[in-house]
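The active site annotation in TrEMBL covers Asp68, Asp248. Residues or ranges marked as disulfide bond by TrEMBL: Cys283-Cys323. Marked as domain 'Peptidase A1' by TrEMBL: 50-363. Marked as signal peptide by TrEMBL: 1-18.
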Amino acid sequence: MFSKFLIVALCLVAIVSADFVRMKVQKVKHRNAKARSGSVALSNVKDLSYYAAITIGTPAQPFNVILDTGSSNLWIPSSSCSGCEVPNTYDSSASSTYVPNGESFVIYYGSGALQGFLSQDTVTIAGMSIKNQVFAEATSISSNFDDQKYDGILGLGYKSIAQDGVTPVLYNMYSQGLIPAPVFSFYLNRDESAAFGGEVVFGGSDPNYYSGSFTYAPVTKEGYWQFTVTQGSVNGYTFCSGCQAIADSGTSLIAGPSDAIEGIYKAIGASSSLLDSTVHVSCDDVDSLPPIQFNIGGNTLTLQGSDYIIKTKGGLFNLFNICMPGFESIDMGSDGPSWILGDVFMGKYYTEFDMKNNRVGFATAK
């Protein structure tokens, strides 16, 4: 998780079946059965946040966590965290499958930090129970993590960026035979009024939610899900040429270098509000805005104005419709990716994260 401009969350009810037969989340009864794909349904919160339900321990203790492709650790607040203003905390004394670890940890995100100690227990997600999963119990968290609908974060990046060398959930899910391949996919429904907000599939992808075939880009550096954008352009302006990007479910917007973002604003005719400096476009012009194009994996992936503009309320007493470009400036230095393709991008393109073949795939979402 890089800079979380508008933190994401996933609400989960779900599925365990090779044929994606839907059922409520429950423990897998036949743990020695053939590996199957697990699928979880998502809830969309204003096109900005998605959170997933998991459980930890025996009996199960419920938590809502961000499924974050931009980090690799699982953490949840500890019951010993007196200052954590979150919905749920983990009580190790209430779990018969808890194994103490005690190693201290500190995790830094673009939006805050937390510290605490490591523990081990059974983690259940999408009806699959992962035994002996090491995770972090947070005893102190930054204030920006308080008063959210989610409790913690479940990272889905590579092990190389996991704090303290902890084996990530996806790795254990695969090694324990719960999924047929270390692959997972995101479908994000950008219709915030819809009851069904999207889906994450562990072990494969779901053709019910994309059309055509995938465009694949090889992972250029195993850590974040990083790949090359051959070119990015809008209205004659090239803002990216051979740049490195990551697909990050834990970032709501598309983030890039400040000069490139300013160039995009100019190319689409965005301006700053005199009242609060908010960058916006006229809501009447959204359908006529120029397309933004990303050349990835030999194909051009296009965002129309309706894809990259976020409609919200603003102004005095939040009475007015505001249309804001779904971009944010972030300068990350020369040793990291320069672009983050967050939910604004992943909402248009169903995204497959394939650790087996070290590639990221994009297909047009239905």
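Placed from the backbone N, Cα and C atoms, the Cβ positions cover glycine too.
The Cα atom of Asp68 (active site) lies nearest to that of Asp248, taking the recorded positions Asp248, Cys283, Cys323 as the candidates.
Ranking the disulfide-bonded residues Cys283, Cys323 by the number of CB atoms within 10 A of their own CB puts Cys323 at the top. The DSSP secondary structure for Cys283 (disulfide bond) is helix. Cα of Asp248 (active site) to Cα of Cys323 (disulfide bond): a distance of 23 Å. Among the listed active-site residues, namely Asp68, Asp248, the Cβ with the most fellow Cβ atoms inside 10 Å is that of Asp248.
Taking the domain 'Peptidase A1' (50-363) as a whole, pLDDT averages 93 in the prediction. Look at Cys323 (disulfide bond): DSSP puts it in a strand.
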